[in-house]
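**Q** From Swiss-Prot, here are the annotated features:
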type: ACT_SITE; residues: K70; note: active site, proton acceptor
type: BINDING; residues: S19, L20, S21, T66, N91, D106, Y231; note: shikimate binding site
type: BINDING; residues: G131, N132, G133, G134, A135, L229, G252; note: NADP(+) binding site
Amino acid sequence: MITGKTKLLGVIGHPVEHSLSPVMHNAAIAQLGLDYVYLPFPIAPDNLEAAIALLATIGVVGFSVTIPHKQAIIPLLSEISPVAQAIGAVNTVTRQNNQWVGTNTDIEGFIAPLQTTYKRDWSQQIAVILGNGGAARAVVAGCYQLGFAEIHVVGRNVQRLEEFRHSWENSPIAENLQVHTWDYLAKLIPQANLLVNTTPIGMYPQVDESPLSAEELVNLQTGTIAYDLIYIPKPTQFLQKAQQQGAIIIDGLEMLVQQGVAALKIWLQQDDIPVDVMRQALIKHLGLK
């Protein structure tokens, strides 16, 4: 039951009607028996600055940030973590000492399954990342954190690829990072130990699409991990095609859950978060198996 003492958490975005964050966060809060509630706050870009001030006024203790505010919110925060600085985006904000502090838990979300269920020594391995947008930044940083020897980012727009590479120039990540146009993929696919789709190709409702064809994946090594950040459909065409070539597949649902777990640890100041409850709440909500 929500009372005047209930602590407020939430997600800001535009739109947020379809956000899955309230489903998993409220499931975790209920399981833990805590007096918190997690609410969706639809905030248009023009209202962002006023909204951030209002959230402080009404006593919100923390919130998630989704599209289109992940970059725009940065100048409105008192402090951002080195991780958020490196990625250039914030997805988690906490109230600390009457100030808003931002970080990014997408890296933790991305690498969690690669450090647990699918753990291996990544130090001599090669990562190939499809796409060079915002999601690719968290994946690049995550691959660097895991210790990948080579990180290859593949995109279609030469200018954007160069901008992407240039944005890491002052980071140690630059030594491991290479960017390529799409036509270079034929050389990269046979070398890939991890192949990640960060593009929206294959996302609902375009469920029959894939960033790579079966022909392009034919030289994928057996045992390579194919990882798609998309979680609807589950699995995507990309993952199905990769699995047919002997790949181990990971879908985006796990990243969604794990970035949420990392955010809750920050807000609740505790490490014991019911991951399974969050995962099952999403699977049930989405009507998945």
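Including glycine, each Cβ sits where the backbone N, Cα and C put it.
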**Q** From the Cα of G252 (NADP(+) binding site) across to the Cα of L20 (shikimate binding site), what is the distance in angstrom?
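**A** Just about 13 Å between their Cα atoms.
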**Q** Rank the binding-site residues S19, N132 by the number of other Cβ atoms within 10 Å of each Cβ, and give the residue at the low end.
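**A** Least crowded of the binding-site residues S19, N132, by Cβ count within 10 Å, is S19.
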**Q** Look up the residue listed as 'active site, proton acceptor' in the DSSP assignment and report helix, strand or coil.
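**A** DSSP assigns the residue listed as 'active site, proton acceptor' to coil.
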**Q** Among G131, N132, G133, G134, A135, L229, G252, listed as contacts of NADP(+), what is the widest Cα spread in Å, to the nearest whole number?
**A** 17
**Q** Want to know which binding-site residues, from N132, G133, A135, are within 10 Å of D106 (shikimate binding site) at Cα; which are they?
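**A** Close binding-site residues: A135.
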**Q** Take the Cβ of Y231 (shikimate binding site) and count every other Cβ within 10 Å, whichever protein chain it belongs to.
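**A** There are 21 of them.
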